[in-house]
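So the structure is just underneath, and the comments pick up after that.
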């Protein structure tokens, strides 16, 4: 039995080689394309012919493989790129650019640190100002609101602004009301302490009355 099996192997190999040669000749003569030859090989159930049947000129993998001659079909492979060889001066130029960028970054950081130190000094000067706004030790240029009440400066500013009362009726804060459509003073609103949601939008009363409805 073993001998019979061994005898059958060469015959099968011969059949396979004959089929392969016939298909290869048909491809070489142009009677069949490589794809048709592969399909016939698969239909005849002779195994995968990818590594045995040579592709025709129309289905070549690359020009380089055509120049080298016959090679089995192994699919499309990207060509290997040669390693990039840089000129020696390239690395020196690159180091110079990197060092220059680092130097610029250090200069920017030093400028920012100096600016922060200057702002800290000014903040310390502002903190030295007492609640009355008088401090002989503080420099003359440092004019700022007191640290105890940050709204004192805005209150003093609005208190100096001129108020014009154009109406006789009193509004809900006990002050003479303005004519319809006139703006409300910011100082009146801050000193009143009344509901913030009830203030008209844009600081103005609706036309037709001194007080909001």
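Think of each number as a place in line: the chain as shown, counted from 1.
For all residues, glycine too, the Cβ spot is worked out from N, Cα and C.
What you are looking at is a predicted structure, and each value in this text was computed from that prediction instead of being measured.
Per Swiss-Prot, the range carrying the annotation coiled coil out of 62-96, 97-131, 132-166 is 97-131. Mapped onto DSSP classes, the motif 'Nuclear localization signal and RNA-binding (RRE)' (80-104) shows 17 helix, 0 strand, 8 coil.
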